[in-house]
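> One structure, as structure tokens, below. Some questions next.
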Amino acid sequence: MWAFPELPLPLLVNLFGSLLGFVATVTLIPAFRSHFIAARLCGQDLNKLSRQQIPESQGVICGAVFLIILFCFIPFPFLNCFVEEQCKAFPHHEFVALIGALLAICCMIFLGFADDVLNLPWRHKLLLPTAASLPLLMVYFTNFGNTTIVVPKPFRWILGLHLDLGILYYVYMGLLAVFCTNAINILAGINGLEAGQSLVISASIIVFNLVELEGDYRDDHVFSLYFMIPFFFTTLGLLYHNWYPSQVFVGDTFCYFAGMTFAVVGILGHFSKTMLLFFIPQVFNFLYSLPQLLHAIPCPRHRIPRLNPKTGKLEMSYSKFKTKNLSFLGTFILKVAERLQLVTVHRGESEDGAFTECNNMTLINLLLKIFGPIHERNLTLLLLLLQILSSAVTFSIRYQLVRLFYDV
């Protein structure tokens, strides 16, 4: 029977600091409200009848508290080395990993805040996490440098037991950082969703790390917990203010901060495959959104659901375009998606019948298509329930189905 593992002193200190971080986040966000509005870092909630100005980019406060917690925490994993008799050699590789991870996250918070202020186009959003992930990749190169993977059983007769990916492994890690940072940003637009999904993912990773503390890779999972515990509590403080009806918006800053934090622990904690499994809803949303992201089907600036003022519920939002302007590829994708009941298409729109409209291709709109109009709070709860169920599926795959592919 599994027993709760004994936590080392640094983790207990980390937990205490994280609890203080929760209190600080809950306190600082309303305290800085007027400062953000004065700086015009504010906007209106498009899914509310009220036109009240709501402060944006509050992820920067959450991220700043997170960094302060970990900056103060840096000495604690190495306390033994302050007593000469208890330290044979200073663990430089662990210190470099900790500093490199903090550098990557710090860069991502800065670049995310720059995006919120400057409102950068999407092509630049892909470059930001790529640049911020470079310190992370260099830490991996200097500390580990291992690019060999264990080949799944079905492919071993072709590739053998081990395969050295070389530079492709670094490309994979860079793409993982880009995906994690943008995946949360794409699945967004209703109160509490960005912070809520990040909270569920971080809680799932914490459970996974705790289970694995008794395994062979204890140090890797302790390292992950150093980041995930303060992230969980600072995000919880942010969600307190971002929950329906939201008093603040998290901004791109939080999405980038959350994504890079997940990428850091997944890469340096050596469980990137499991990390991706925790992103099942985000992966589906990305694949479902791909036709619009690649502009095979026209993509409006905002794809969030629209509020029906009479019912107070959210309904699907639509993309409207001239039928003749749709490319052959777009027409083909639209027909296939319609046949699979993944989109609702209205043809012959407007007086001359020259327009077509289809629902915006996001997981949020797909749920509205399946279940009909839903109140915003209930829609967020439904999406978070889906995130929790996907985590349950991930644990089933990680501890049961994995035997079909690997020797465990």
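Placed from the backbone N, Cα and C atoms, the Cβ positions cover glycine too.
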> From the candidates K125, K273, give the one listed by Swiss-Prot for the same dolichyl phosphate site as V178, F179, C180, T181, N182, A183, I184, N185, I186.
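The candidate from K125, K273 that Swiss-Prot ties to dolichyl phosphate along with V178, F179, C180, T181, N182, A183, I184, N185, I186 is K125.
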> Read off the topology recorded in Swiss-Prot and answer whether R218 and G312 share one side of the membrane.
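They are annotated on opposite sides of the bilayer.
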> Where does Swiss-Prot put N-linked glycosylation site, among N146, N360?
N146
> Looking only at the topological domain 'Cytoplasmic' (187-192), what is the mean pLDDT?
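The average pLDDT of the model in the topological domain 'Cytoplasmic' (187-192) works out to 92.
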> I need the least crowded one of these recorded positions (N146, T181, N191), counting other C-beta atoms within 10 angstroms of each C-beta.
N146
> Using a Cβ-Cβ cut-off of under 8 Å, list the residues of the same chain that are 6+ residues beyond the ends of the transmembrane segment (122-143) and lie near it.
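Answer is 93, 96-97, 100-101, 103-104, 107-108, 111-112, 115, 170, 173-174, 177-178, 180-182, 185, 252, 256, 259-260, 263-264, 267-268, 293.
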> Name the range, of those listed as 59-78, 92-118, 193-213, 219-242, that has the largest tally of Cβ pairs under 8 Å with the transmembrane segment (251-269).
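Out of the listed stretches, 92-118 contacts the transmembrane segment (251-269) most.
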> May I ask which of the binding-site residues D45, N191, D252, R301, H302 is closest to T181 (dolichyl phosphate binding site) if we compare their C-alpha atoms?
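Nearest in space to T181 (dolichyl phosphate binding site), counting only the binding-site residues, is D252.
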